[in-house]
Amino acid sequence: MEYFIQQLVNGLTLGSIYGMIAIGYTMVYGIIGMINFAHGDIFMLGGFAALIVFLILTGLFAGIPVVVALLIMLIVAMLMAGLWNWTIEKVAYRPLRGSFRLAPLITAIGMSIALSNFIQVTQGPRNKPIPPLVSSVYNVFGISISLKQIIIILITVVLLSVFWYIVHRTPLGRAQRATEQDRKMAALLGVDVDRTISVTFVMGAALAAVAGTMYLMYYGVVVFTDGFIPGVKAFTAAVLGGIGSLPGAVLGGLLIGLIESLWSAYFTIAYKDVATFSILAIVLIFKPSGILGRPEVEKV
Amino acid sequence: MTNITSRHEGAAGDLTARALREALYAGLISLGLFVLFVGLKSDQNIRNELILVPRWGLLAIFVVIAMVGRFLMIAYLQPFLASQKVVNAATGMLPDSMASRFFRLPFFIAAVVVSAVMIAAARGLPDNIAAYATIIRGLAIIYSLACLFYMFRIFITTHFTVLAVAALVLYPIVIVAIFGAQGSLKWVDNFGIQILIYVMLAWGLNIVVGLAGLLDLGYVAFYAVGAYSYALLSSTFGLSFWVLLPMAGILAAFWGMILGFPVLRLRGDYLAIVTLAFGEIIRLVLLNWAEVTNGAAGISGVAKASVFGIWSFDVSAPNNFAKAFGLPMSSAYYKIFLFYLILALALLTAFVTVRLRRMPIGRAWEALREDEIACRSLGINTVTTKLTAFAIGAMFGGFAGSFFAARQGFVSPESFVFLESAVILAIVVLGGMGSLVGIAVAAAVMVGGTEILRELEFLKHIFGPDFTPELYRMLLFGIAMVVVMVWKPRGFVGSREPTAFLHERKAVSGSFTKEGHG
């Protein structure tokens, strides 16, 4: 039983990371109907930004408190990933917005290849390990919960609340929801659609960067290929929860995290990615609208 | 009069001011983008700790390039393109008359002279200056070749198929004549075979994506099925390549049906993602099912192909090709044989595609691509239509896979990652979906272009000995995908010859044809 609960805790931590990436996928899909394939690499980029900021901080101010360091890492990574995604959207996706449906997907795949190889070329192909930032572990009723896990879950909860507030309670969020429902109508009613889409990309990237920072802190290592597998898993989470639905993305992320850690705990760890991919295929085949998504009505 | 000139001057001043402003923005943005990733490099020191190595000079170069590029674009390129439009409208020339101004006979002669001079001069120069000479020579040669193409474009387009096939058949012979048997290896193998494999794969995928409009992101799975079935069956049962080639095709087609069946109901993006998932599942199974596939280590010592069992290319075999003809031993013969083999396989793919497009099944594929609902209401069985597309596309993937295994002599899951699927799909889309010629051109440009990077050793004399151009292969590939897509979303060849037509055959612009929602 303790083992099971231990796996639940691990799964929730992992799921929080996936959920935060999944939001970026689901928002972009909701608003312009495009699978932003490069989103996983934005996550990786965020991780690298955090890594470099960490190295700067430990190099310049040796005794910096961990909380401050983590906060600076988070903020810089968010800004960095936001700027990258903003530029990418402007340069690569916006010119193709009126084009046929495959075009943005192909461009996004190209962008994903370019981004991961950009990091490989500029930062080197090796794993980048860092010393553990926080290492305390608490023992609660026989279950060990590390401070890292608490921080990750806490930051996820806080950020998602902020995010929920932005989307549901601010004019910006209203513009986003309007654009998602009907882009042309929103434009006619005075919503700056281009700006709204840009902001959506920036927000998604910022959350992915937070996930990247958390990932770096949790595993203590980041490498340029890290965008692909977590990216696909987060996409699976978005699909599982119902693509286009924000609570769905978080729910899907948590479920994928739980499934992955329970599968690794009770079955073979070698096939854990097969499990995720199978879920992705099964959900898309049998229930493409996911758990919380609206079914897509086809108009002839 | 004075008014007009002053207004012109004012406009020019505005333009310069705007260009400067835009350049400043571009500089700031690129500074923001690159400051962490280019300006600093995380490196390991002797104690395996990460340290930062500053590279501010490189960062400055990036920022300056972004600023200058943006400035030139706003101040010169955009007004130039706009003025060209006016010229086109005034002279009544077609938009592509830009090319006729760019490719002119005097320029061509100058380029030929420059390349000849550079070839002659390169011998006596020190290394670092010779490197620049090589660049100029390369550009001049490319320009003169492009000129030749442009001047004979009508002849080339009318006789394209014959010319292309003749050039490909003669290619190894010419290369051997120029570089000798040993020197030809690189050109036949790295350029010829490598490009043709991608041409064949892309043509196979074209049946699924370009004709039937089913977006498949897991095509490499069938390539893997073909490669592994050849590797496993030949090493277990000792069967020959010529028995296993059709068998690999059949097995891959079978897998195409198995994987195609569950996704019949899916459309567009979702189909793409599910096929991606299937492709990854197959790779992960190959990676983890070590009892059969030997896991990540892969299967080595895969048997070579033979010339229909008559001559072998094994060094120890009594019927060795070189021995039979009394030639000196060399691995070049096998490569040349493989070149002709993959050429034949690729041409078979093209032939089948062209023929199928004229048959009811091909028409049904294209109808399915354009509108699935209309297709169904006209009584086309979409299930069999989709499954045949998957199966036939997969079959050619399987052929290519078994060829790949015979060529490498080694297969491992490393060769069948998602990136390969993405590259193949990119070639199909960049070439213009459905256009065989476009796809071949795209494969030659994208794969050949990245292969050429391996040859740019002379760049080391310019950028220093640490510079390894092949590191930039995939980076440039990704950027090229984005750039070509933004510049020409319909691919290099953006028009399609309709297979079914009323009264007369008119090429339609690619913008009028739909991509698959099926």
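From the backbone N, Cα and C atoms, a Cβ is placed for every residue, glycine too.
According to TrEMBL, the transmembrane segment annotation covers A:12-35, A:42-62, A:68-88, A:100-120, A:140-167, A:199-222, A:234-258, A:265-286.
The largest share of C-beta pairs under 8 angstroms with the transmembrane segment (A:68-88) comes from A:199-222, of the ranges A:42-62, A:100-120, A:140-167, A:199-222. Contact check: the transmembrane segment (A:140-167) against the transmembrane segment (A:42-62) gives fewer than three Cβ pairs closer than 8 Å, residues 6 or more apart, which falls short of the contact criterion. Among the stretches A:42-62, A:100-120, A:234-258, the one making the largest number of Cβ pairs under 8 Å with the transmembrane segment (A:12-35) is A:234-258. The transmembrane segment (A:100-120) and the transmembrane segment (A:234-258) are not in contact, since fewer than 3 Cβ pairs between them lie under 8 Å (pairs 6 or more apart in sequence).
Same-chain neighbours of the transmembrane segment (A:42-62): 21, 24, 69, 72-74, 76-78, 80-81, 84-85, 115-116, 119, 123, 128, 130, 133, 204-205, 208-213, 215-217, 222, 224-227, 230-231, 234, counting only residues six or more beyond its ends whose CB sits under 8 Å from a CB of the stretch.
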